Amino acid sequence: MDLFTHTWSLSVEIQFYFIVPFIFLIGHQLRGAFKYGFYMVIAFSSFIFYAISPPMVSFHSVFARIWQFLIGMLTYFLSRHQRFVPFETKKSGKEQSILLIEEDPENIRGYPDRTVNVFVKCIILSMMITVVLIPWELHTLVARLFFTIFTGAIILLSVEDYILNSRILIYFGNVSYALYLIHWPIYAYAKLVFKGNSYLLGASLALSVILAVIVYETYEKWYLKQSTLVIFLLIVVLCASNEFLVRKDEIQDMMRPKIDVIEFDAIGNHSGRLVIRKFPRLDAWRENMSLNDAQRMNTYWNQHDHIAPELQVPGCKRRNPKYLWCDFQGNGTEYSIAMLGNSYVLNHYKMFIQECDHRAHTFSKEDETGCEVLASPRREVDNGGMSVAWVAQCAYKLNEFVEFIKDTQPDYAFVFTRFVAISEPYDIDENHLGNDTIYLEMKSQLSRLLPHIKKKLFLIDSFPRIKRDRMDDIIPDLRRGKTMEEINKYLYNPNGFERGRRRHAELIKNECQTKCELIDYVDAFWNKTMNAFQYFDAGGLLYFTSGYHLSAHGIEHVRPIYRKICDRL
């Protein structure tokens, strides 16, 4: 559960503020039906883009959300026609000059038929309540369109509504902005820390309302009265403070000395020369780290996850304008290597390139968030806090993986994937994989990939996940004297990984044999003393993140696996 997920809407809103002046100025040049037609065409185009875009794009892109803003704009423009202004009222020259630019005097009308308004509002509200109460779930696309349009209709029909224009509701509306920003972090914190305590969740809601009122009465009312200069300086100070708080761990890390990992490898069989590789550890590990250091590093890895700056590699050149495929230039001369999979590609690729750079002349990369190379999920599942909407897109991504391999024609291909689909329950059981839907799709997909891989395909095998809701308990429990074995027991989350390993084993045996090789993380993280899968080291440093990726420390832990593979290619 992310404490700041709700700030997404503010990001989209700020972007829209840069676009709306251009839309408005063009629309202002039009009159009557042409004006409304112009806004409706833009809204319709935005909605189509929203409907056809992948979930991650439709969620974050301002262009996929313009239709919602424009419905609000159309509601406002139409409300100007309905707003009653007594004919005997006279405006002074100053009052007349501050009329909004889009308001035409001829558009102002008298009272609408309030009986009809009340009747229509009751019908719309009844429909909205019915949709909320029906036992089945509407498709997200339909639900958002339905509630956005009918909310606009309710606002339009309530221009002169005495209830909605009451002082109490107006005040609640004024406080709502602060409440929106404050309520979610408090609720999320209470939900994460005090699991299952409904009384504290109720108290967190009450606390959110109280804090929102305090913020509105003190901060908001104060800054609304300030000059432009004061507001500008305030924004600069707040932006600088936010940047410092967000990057304070990186700043502290820059001030610490780096530990270099130096490798001397004699590669006589391949190049007849001594290859020296030198690079800093990705996890910034050093000797004698305390539990406080471990807690700080674990927090940082969970916060930045697989897109942490130390795991990124710049300079990937696009190879196809239609897709996000790209190439890195290697320092070797022997092979071309393809890296494909889901977010595990971004999680691993820097370390992998470091280890294979002396052998490969090209590294091609294709990553699809949440999607596996050999099969697509049939069920909505937790994928590290992501929206479940990604599931529906993965079936289409299977073809993209095949097209990527056809386009690159690599000597070697590495599938970096955290598995969800291939660990789903069997259709019958493990002895009837010939009738298993997931296995048959894996078999079909592999048959499409292998002909375009010249030498060998490597795949990470399934391994157990970590229970991410217990990760914050590790350091406190170590301080209380609990053993690693006790802690590892409550972190263990099998998540059906054995089914994934069974399907992989059968697939390699029957369809791939020597042209495929599994990379086994169970063996890499298995603690023989505890006889268990190990999620953190003796110092409390996590090998995994709350997003189900490997932490930088986990990446360093599996580095020897890839060093051996790259040296024997």
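Placement of Cβ uses the backbone N, Cα and C atoms for every residue, glycine included.
Automatic prediction, not curation, is the source of TrEMBL annotations.
According to TrEMBL, the protein carries these features:
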DOMAIN    4-216  domain 'Acyltransferase 3'
TRANSMEM  6-26  transmembrane segment
TRANSMEM  33-52  transmembrane segment
TRANSMEM  58-78  transmembrane segment
TRANSMEM  118-136  transmembrane segment
TRANSMEM  142-159  transmembrane segment
TRANSMEM  168-187  transmembrane segment
TRANSMEM  199-216  transmembrane segment
TRANSMEM  228-246  transmembrane segment
DOMAIN    324-563  domain 'SGNH'
For this session: Mind pulling out the one from 6-26, 118-136, 142-159, 228-246 with the most Cβ pairs under 8 angstroms to the transmembrane segment (168-187)?
Result: 6-26
Problem set entry | Long-range Cβ neighbours of the transmembrane segment (228-246) (under 8 Å; 6 or more residues past either end) | none
Exercise. Taking every residue in the domain 'SGNH' (324-563), what is their average pLDDT?
Worked result: 92
